[in-house]
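Once you've had a glance at the structure underneath, I'll fire off some questions.
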Amino acid sequence: MQFSGGRWKKLRLAGDQRNACYPHSLQFYLQPPTENISLIEFENLAIDRVKLLKAVENLGVSYVKGTEQYQSKLETEIRKLKFSYRENLEDEYEPRRRDHISHFILRLAYCQSEDLRRWFIQQEMDLLRFRFNILPKDKIQNFLKDSHLQFEAISDEEKSLREEEIITSSSLSGAQLEMESVYKIPFADALDLFRGRKVYLEDGFAYVPLKDIVAIILNEFRAKLSKALALTARSLPAVQSDERLQPLLNHLSHSYTGQDYSTQGNTGKISLDQIDLLSTKSFPPCMRQLHKALRENHHLRHGGRMQYGLFLKGIGLTLEQALQFWKQEFIRGKMDPDKFDRGYSYNIRHSFGKEGKRTDYTPFSCLKIILTNPPSQGDYHGCPFRHSDPELLKQKLQSYKISPGGINQILDLVKGTHYQVACQKYFEMIHNVDDCGFSLSHPNQFFLESQRLLNGGKDNKKESTQPETPQPKPSVQKRKDASSALASLNSSLEMDMEGLEDYFST
């Protein structure tokens, strides 16, 4: 892909050639674009792709993925940004071309760090899932072939021979199986289904119903995209040497993966004697369980200290407060003060950017907690909705005084792997609101939104140590507050994008 500063020539292709370039509304992005584009188009495509992926992220934590409401709202966003989304639409060449080129532009911006790659891969996977779910059944086999996936639908005769085994392993009824395509897939590509005992195996092949094949396709896409981003990162210096592109890519990569909550303007507003009360009122479950474990055991392993320590830093604890907080707790566990100073103080100062490379570490996002460093025996970090046994999670929610009906709603969301939506539902239940009015993506966001709600929209005050008055049952005013919060979120995103557009136009 080459760039020019002024006018450029688009490829003029006949109808058959245009269709051959982009035969489907979705793709694995296996081949990079080769045409020339102008810098103006480069910038516009980058902005629109970021808007699309931010919409994918926000909708994914506001609605259950795959539901009619989620699908409808995402389709509206895609149509508004003029990207491809559905087969059999007229004149789809330009939307598919925009989709293809913009994906590769953002690879350049989001290959630069682990966090950026993780965010980009997750949103692209959710976008692919949406598009695959609305792909007509008669187009699936061609899409798999074009994506170099050796998955073939078996004949009705083969399906009849294995009907009983497939029904037993997949939980489909006989009537459902009759209407469902079944794919013959190499065993190695279906390991996740095998681990969950959700697939029938025979002679080294897995027989996978259509409803389950999307998980395998997404795993293949993740692996290919992850490898591609690593290769892109290695060749990035050559791209960054172009003074026209470097500032654009840096601005993209540093601005739109969500707020990092590293500086809140509330440093020092939280006192140490407030933390116990705040942990029950305003901490998300992941931090609430870490605080409880620390108070009970007077110790946390490294993963827990990192996750919880950076969260506390984000809500306003100063370095001096953090050193005092951890030292007091560890000494209660019979640790010698000198041993703490020698073995733990350095790590705390390091997390505040005062030691080592002087990196000022930011609190972990929900995505990072869910996808990386799963807890092992004796650990308390991670996401309770992602990493807890369902029965233990149920007991924990009962101890938090969540109603039986509320617990069932949360467990249903967890069963569907909608972990952030489950946490959002928990927020609504402990704060007694019908709609929290924001898309949850960060533990520190949970805390800030909780404090705003409990304090009537005001920031937390250090001198305010008394429990808040219990909130009344949701009312018209509550719903207005929720709607206002949602409008504020959308307005903030639009302002961000306008700022990016202004940056590109200067």
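Here the Cβ of each residue, glycine as well, is placed from N, Cα and C on the backbone.
Residues or ranges marked as domain 'DNA primase large subunit C-terminal' by TrEMBL: 278-447. Residues annotated as [4Fe-4S] cluster binding site in TrEMBL: CYS286, CYS366, CYS383, CYS423. Taken from TrEMBL, the feature region 'Disordered' covers 456-485.
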Show which residues of the chain containing CYS423 ([4Fe-4S] cluster binding site), separated from it by at least 6 in sequence, have their CB under 8 Å from its CB.
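In sequence order, PRO284, PRO285, CYS366, CYS383, PHE385, LEU440, PHE446 meet the Cβ cut-off.
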Only counting partners 6 or more residues apart, tell me which same-chain residues put their Cβ under 8 Å from the Cβ of CYS286 ([4Fe-4S] cluster binding site).
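In sequence order, GLN307, ILE369, HIS381, GLY382, CYS383, PRO384, PRO443 meet the Cβ cut-off.
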Cβ neighbours within 10 Å, counted over all protein chains: which one of the binding-site residues CYS366, CYS383 has the most?
CYS383
Centre the Cβ atoms of CYS286, CYS366, CYS383, CYS423, go out 8 Å, and tell me which other residues of that chain have a Cβ in range of the [4Fe-4S] cluster site.
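Other same-chain residues with Cβ inside the cutoff are PRO284, PRO285, ILE369, ILE370, PRO384, PHE385, ARG386, TYR419, GLN420, PRO443.
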